[in-house]
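Asker: One structure, as structure tokens, below. Some questions next.
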Amino acid sequence: MWELRSTSFWRAIFAEFFATLFYVFFGLGSSLRWAPGPLHVLQVALAFGLALATLVQTVGHISGAHVNPAVTFAFLVGSQMSLLRAFCYMAAQLLGAVAGAAVLYSVTPPAVRGNLALNTLHAGVSVGQATTVEIFLTLQFVLCIFATYDERRNGRLGSVALAVGFSLTLGHLFGMYYTGAGMNPARSFAPAILTRNFTNHWVYWVGPIIGGGLGSLLYDFLLFPRLKSVSERLSILKGTRPSDSNGQPEGTGEPVELKTQAL
């Protein structure tokens, strides 16, 4: 339990809380209806994508900027962080999401507030179809994160923050017509708990968690395998893995390149 005695560990936990609060505040805020008429899908997609890109730039070198329990679960499946850190990240993300939604609720007029951009299934979309869509949306998102965060890549081109932001935008441009584009259990949980509406809410947990896990398995075991023994993976999950050459504990879920170079 050395992590509990580490200042950087608690700084990372706070960074996840802080980042998720801002992500939900700006993302849900851009999804509210201030005027009659259809919601502008491009506006919402860009708002979520730009919010995440900004936060990856801001806290990526501190916590890895997961800002999403499904992403944290993916890093856990890939044995890139400890169970303790993953649990604390997820708790911080859920609390941050609820805090962000609560702030938005308090500053928004009741006539505009509505259901606070609650994720709902489009008419005619079954729960099975919705779950499948959420799996695919999160799968492409996690694959992008793993590829852009991978410290083993040489000569990485472009911006990590923009790549991740564009991947999230892509998911929203497609998914909003089906499920409202959850892709993030914390984002879906916050308005659900404030409006006390949990209709089909499980879809927004099961889909992203399965998609995140599949993305991790595909990238780390098939597309670009990480050659780690079972004992190495277990030591990472337990949080007992020795420090790497940079003095940073291995398996923290913090991408090395975010610590050493500009995004």
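Heads up, residue numbers simply count up from 1 along the chain you see.
Glycine residues also receive a Cβ, built from the backbone N, Cα and C atoms like all the rest.
TrEMBL lists these features:
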REGION    238-263  region 'Disordered'
TRANSMEM  12-35  transmembrane segment
TRANSMEM  41-62  transmembrane segment
TRANSMEM  83-107  transmembrane segment
TRANSMEM  127-148  transmembrane segment
TRANSMEM  160-179  transmembrane segment
TRANSMEM  202-224  transmembrane segment
Asker: Any chance the transmembrane segment (41-62) and the transmembrane segment (12-35) have 3 or more Cβ pairs under 8 A, given the pairs are 6 or more apart in sequence?
Answerer: yes
Asker: How about long-range neighbours of the transmembrane segment (83-107): same chain, 6 or more residues beyond its ends, C-beta under 8 Å?
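Answerer: Sequence-remote neighbours of the transmembrane segment (83-107) are 1, 3-4, 9, 12-14, 16-25, 28-29, 63, 66-69, 72-73, 75-76, 113, 116, 185-187, 189-191, 193-194, 237-239, 252-253.
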Asker: By Cβ distance under 8 Å, which residues at least 6 away from the ends of the transmembrane segment (12-35) in the same chain are close to it?
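Answerer: Distal contacts: 43-44, 47-48, 51-52, 55, 58-59, 62-68, 85, 88-89, 92-97, 99-101, 103-104, 108, 112-114, 116-117, 186-187, 190-191, 252, 254.
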